[in-house]
Amino acid sequence: MNKKTIILSVLLSAMIGGLAGVGGFIFMNQGNQQSSQLDKPIASHATKNVSLTSLPQNGGALVPEDLNFVKAASKTLTGVVHIKTYFGTKGGNSRANQQRNPLEEMFPGFRFFYPDQPRQQKRGEASGSGVILSEDGYIATNNHVVEDGDEIEVVLNDKRTFKAKVIGTDPGTDLALLKIDADGLDFIPFGNSEQIQVGEWVLAVGNPFNLTSTVTAGIVSAKGRNINILSGQYTIESFIQTDAAVNPGNSGGALVNLRGELVGINTAIASPTGSYSGYAFAIPSSIIHKVISDLKEYGVVQRAVLGVQIQNLNSELAKEHDIKSLNGVYVADVVEGGAAEEAGLQGGDVITAINGVSVNNVAELQEQIGTNKPGDKVVVDYTRDNKKRSTEVTLKNIIGETKVVKYSSTFELKGATFANISSSTAEKLGIDGGIEVVKIGNGPWKQAGIQKGFIITSVDREPVKDIKEFVQTLKYVRGGGVLIEGIYEDGTRAYYGIGLR
């Protein structure tokens, strides 16, 4: 595969989108398949090129005694759910309503209507899987399974159906936390993904092709894989690679060890066809546990950063900089005023371990840092001029602070206080939502000329309707400056450039 194409396998009933013949890394939620290449009788695939093989009467002799898939499968089947996400049920900007007729692309400002195609009545559906994390109904899944959904439905293994509420999402790791109103649920306990080894057996549990409660087995093929499928500056990709059969609809499902513990959430496949071709990728439980805990406690993820520009170390880079060992991650530069610089790290250093855990590529380093919060202290082992060193680093968030940010009705940032606007204010100004500057003191906001009462409607052209979206968007801004757009209560629109470093 020379060129990796990122494909969202969200096949909506209102869209035409077969995946056959398309190569690349593919998110594995699936849409209503009435128009898709995947809507073929399962039996037609199952009966082709299949031969029967006889087994010896003592079939168990072929399987080692400690290789017990039955135990792990029975422990986890009831802890995995089927998630159905509906779009277009409220009108507006859902996925199902974002399609444009080609003629509208050619003639901006015009809309073209056709019989029996009411644009605002389209109802799309995508489906995936989820993992029950607690008996009171908290469920983890992929962000891309529920993103932009108007309604989310969860179907349990026993066929009970619940409406789900989105507690929080994190596009930077492609995770989301849902909640259903239920008690006494079976759930899957967390395992330690850092201890899982290449070659170890794992099971993938999910709902591929709407085939509920499906279990497949494979081994861990690799760890710390970065496949560049997530967009944004502060994304974390350190996937577990497995050869367990994973297909569209498995997104958000569980990857478990033979003890029935959650070691990953299945997220993507590498495939030339859009279906299983031998390689699947799961978010490790170390990242899942941290992200889900943050979403549950704070409403937003507390992303800690080291404040370095890094790259994988190879023989060419080592030769150029006279580095004798290829173990570690090369520091190309450090962010001015960042955590690494304050701890004494410099460009040209090679980071070899975080808190005693070896890191040999960018993905492994990101995973170790990503399990921490701003303000946490980590021990960084590194080499400089081929000599071993160590330092303690106090991690910061992306705006250079060590405090955690909690989602609430108000939010303070660098001298300014923000609050959600009321629905009546939004209606009066003709906007979907926004956050108001209710207090402003010394700092970059005041220096930019922003006045009290200004209502922010977008950050770097990304719409923000409330504080939660505002905080989420700020996490992924590039560089130290952002473009703030908004409106004053008299209807005056304005935009400002703000430096947040």
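Just so you know, the numbers here start at 1 and follow the chain as drawn.
In case you wondered, yes, glycine gets a Cβ from its N, Cα and C as well.
Curation plays no part in TrEMBL annotations; they are all automatic predictions.
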- Item | Per TrEMBL, member of Asp136, Asp158, Asp170, Asp174 binding substrate alongside His144, Gly249, Asn250, Ser251 | Asp174
- His144, Gly249, Asn250 filtered to the recorded positions whose C-alpha is within 10 Å of Asp174 (active site, charge relay system): His144
- Note on the structure: When pLDDT is averaged across the domain 'PDZ' (306-386), the result is 95
- Item | Integer Å distance between the CA atoms belonging to Ser251 (active site, charge relay system) and His144 (active site, charge relay system) | 8
- Query: Among all the protein chains here, how many other CB atoms are within 10 A of the CB of Gly249 (substrate binding site)?
  - Reply: 29
- Task: Take the domain 'PDZ' (306-386) and count its residues per DSSP category (helix H/G/I, strand E/B, coil), listing them in that order.
- Result: 19 helix, 26 strand, 36 coil
- In three-state DSSP terms, His144 (active site, charge relay system) is classed as helix
